[in-house]
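Participant: Grabbed the feature section from TrEMBL, which reads as follows:
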{"type": "DOMAIN", "residues": "11-89", "note": "domain 'Inositol-tetrakisphosphate 1-kinase N-terminal'"}
{"type": "BINDING", "residues": "19, 60, 147, 276, 280", "note": "1D-myo-inositol 1,3,4-trisphosphate binding site"}
{"type": "BINDING", "residues": "95, 136, 168-179, 194", "note": "ATP binding site"}
{"type": "DOMAIN", "residues": "109-296", "note": "domain 'Inositol 1,3,4-trisphosphate 5/6-kinase ATP-grasp'"}
{"type": "BINDING", "residues": "179", "note": "1D-myo-inositol 1,3,4,6-tetrakisphosphate binding site"}
{"type": "BINDING", "residues": "259, 274", "note": "Mg(2+) 1 binding site"}
{"type": "BINDING", "residues": "274, 276", "note": "Mg(2+) 2 binding site"}
């Protein structure tokens, strides 16, 4: 990288211990330092205005004290970018508002699965949804509880769920999910194995519910249709790019990933099923250079971080 300023950029980061362990790794610290970026740990229990100085704040904390700390800092330092604004992050911490952003884009051949919010586990006779369903906790806050998803095969499968939660129609998608990672100007789409398809014939013999942790047993028991992972084609790059740019503008976030599936009933149609702020990047090729370039672009104001 050329034309580095003599003074390195100071990036303050505030992360959970788990996130820090997986993201602030020696290879990133070394590459960033060699390219004019210094990552400095923030103490979230102390006022930000007493720490630094910082050229940018990178964070993934959600508690109210931290939000107030950020707000106080931003009011005194309106020109220092914050990745990302708590208001934008909150949109992605609710599984309904998360996917509403996709619907607002109105991009051809894209959409989201049909879904509803359940606030009470009563009166679920007329859901107006087709089984099988996926039950997801309403909050997508990264907690252990938020990752407890279930595949629901019939109405009896709804009995043991704890409200509030989201019910989303399961869409056959060839057992492949496309994960799109975004970091500013950079994006990369990769494919991963997903839940197996469920035919109508097999659904007749499936009862109750099944935690996602046991869904792999479904295919082994003959309940799911096999997938041809290696032969699965990637989505059109033009469509992926349109989704990336649309979501960046709508969310006012530049560090996220989203999951896309190809509709089994219409191969031209793609559905976004999940969006996450600041996901795991460390296993991504060229992780160190991608993140370093992103942080430099943010400081240079080449990337809009929202309100800052």
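The backbone N, Cα and C atoms fix where each Cβ goes, and this holds for glycine too.
In TrEMBL, annotation is done automatically, which means it is predicted and not curated.
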Participant: Near residue 274 (Mg(2+) 1 binding site), which residues of its own chain have a C-beta under 8 A away, given they sit six or more steps off in sequence?
Facilitator: 98, 140, 258, 259
Participant: Which of the binding-site residues 95, 170, 172, 176, 179 has its Cα closest in space to the Cα of residue 147 (1D-myo-inositol 1,3,4-trisphosphate binding site)?
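Facilitator: For residue 147 (1D-myo-inositol 1,3,4-trisphosphate binding site), the spatially nearest of the binding-site residues is 95.
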Participant: Which residues, in sequence order, are found in the same chain with Cβ within 8 Å of the centroid defined by the Cβ atoms of 19, 60, 147, 276, 280 at the 1D-myo-inositol 1,3,4-trisphosphate site, excluding those residues themselves?
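Facilitator: Checked against the 8 Å cutoff, the neighbours are 142, 277, 278, 279.
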Participant: Tell me the residue counts in helix, strand and coil for the domain 'Inositol-tetrakisphosphate 1-kinase N-terminal' (11-89), as DSSP assigns them.
Facilitator: 36 helix, 15 strand, 28 coil
Participant: Grab the pLDDT values for the domain 'Inositol 1,3,4-trisphosphate 5/6-kinase ATP-grasp' (109-296) and give me their mean, rounded.
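Facilitator: Here the predicted model's pLDDT, averaged over the domain 'Inositol 1,3,4-trisphosphate 5/6-kinase ATP-grasp' (109-296), is 88.
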Participant: Tally every other Cβ atom lying within 10 Å of the Cβ atom of residue 259 (Mg(2+) 1 binding site).
Facilitator: 16
Participant: Which of the binding-site residues 170, 172, 174, 176, 178 has its Cα nearest to the Cα of residue 60 (1D-myo-inositol 1,3,4-trisphosphate binding site)?
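Facilitator: The answer is 178.
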Participant: Taking Cα atoms as reference points, rank the binding-site residues 170, 174, 194 by distance from residue 276 (1D-myo-inositol 1,3,4-trisphosphate binding site) and give the first.
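Facilitator: Comparing Cα positions, the closest of these binding-site residues turns out to be 194.
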